[in-house]
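In what follows, a structure is listed as structure tokens, so that the remarks can point back to it.
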Amino acid sequence: MGAMMATFSRGLDSDIHIASFSFIVTGLLYRFTHEQLERKLPKWDQFAQPLRDRMAVEIACIPVRLGLIFFTLPTVWNAFSPAETWTAADTSNSLFACALMTGAYLFDLIIYREDILSILHHCMGPALLLWTRTCFSTFLPADALVSRSLQMFVFWGAATGGIAATSGVFLLRVGKKYLARRQVHQYFSYCVAFLTITTVLSCYMNVLYFLHTWNQAFAYFGPWIAPLPVIWETFECYLQWRWLLRFYDLEAKLRVPKTSSAAAAASEKDGGNNRLRSASPDSSSDDQMVSASTDPAPIVSLFPAKTVPCIRMLVWQWIVLLGALWFKLIQDSYLSLAGMREVEGSVAAQDVVFNMTG
């Protein structure tokens, strides 16, 4: 027991060092990004301070996201391979990726956010590291069962999807002041397309993985803890679908020309350029993101007409698969608890008989 605690303590120290390094590097990149944006972008100081801070930290996190891709790609590539193929190096990569993400996310959390769900999402970074270090750091094939699912979330959500979302938000918040509406729409469409790929793969791979390994997962967690990974799956995928559908709404609004009269009314209502100074970096108002242009020329979407209905169909299909996962959880939990009650009743009956005959 003492040797096990010593090993855990050494591992936790290593995690803290990596997370601290990631935190410091993200902070330095944050300051560097701030300075570069002030030098390179005219009128950068006219944007609201919270918006400047938010954009700078999002850009500063990109190198860490690239590092996450490097450390989690092998796990994602071999996600459905037998657990016996999992090695100690895979466990090391998993822990290293979680520690990197924790440091960057902790720095991100000290910068103002308005969206409560985004704050909860970034709190998952430290929670993920602690969970992985506590439960899935034996450096044996047993780590593969849940670590593979967690690393898929890191790869598709925090890494690749995070880069696409960051690029899209920067274009809408900042790029619209320096680029023509057509250019903003074109580049934003590329971000939406990339985010579509990462979101669909993330949500479907994770739910299919849990369905594929459910018997082993339920046997590992038991009826009381098994809801935890399913709840994690539901919440994380909900956030990813939510962002993707919002991005398609923003792409559609970018294509709609804003008339001069509407622009004048918005300017009068918001006090002219005060919109720039009051916009929140995490505001839920999509109009704030796409209202800067007054170009009356219509824009043709780069996506086929049925793209959004197809995405919604994919969401509903995913919900059906998720429902099957929840059904398995409820069914197995009920059978397991019922079996435990039967065993307890049998033991109690045997005790009664023993006492009567004794």
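Using N, Cα and C of the backbone, Cβ positions are placed for all residues, glycine too.
Per TrEMBL, compositional bias 'Polar residues' is recorded for 275-292.
Summarising the annotation, TrEMBL assigns region 'Disordered' to 265-292.
Below 8 angstroms of C-beta separation, residues 52-53, 56-57, 59-61, 63-64, 96, 99-104, 106-108, 129 of the same chain, each at least six residues beyond the ends of the transmembrane segment (16-34), sit close to that stretch. Per TrEMBL, the feature transmembrane segment maps to 16-34 (among others).
The feature transmembrane segment is assigned by TrEMBL to 55-74 (among others).
Annotation comment: TrEMBL describes 94-112 (among others) as transmembrane segment.
Annotation comment: TrEMBL describes 119-141 (among others) as transmembrane segment.
Taken from TrEMBL, the feature transmembrane segment covers 153-175 (among others).
The transmembrane segment annotation in TrEMBL covers 187-211 (among others). Here the transmembrane segment (187-211) has Cβ contacts under 8 Å with residues 76, 79-80, 148-149, 152-153, 155-157, 160-161, 164-165, 167-168, 171-172, 175, 179, 217, 229-230, 233, 236-237, 240-241, 243-244, 247-248, 250-251, 254, 301-303, 311, 314, 318, 321-322, 324-325, 328 of the same chain, all six or more residues outside its ends.
Counting only same-chain residues 6+ beyond the ends of the transmembrane segment (313-330), those with a CB under 8 A from a CB of the stretch are 200, 203-204, 207-208, 210-211, 214, 218, 226-227, 230, 233-234, 237, 241, 245. TrEMBL lists 313-330 (among others) with the feature transmembrane segment.
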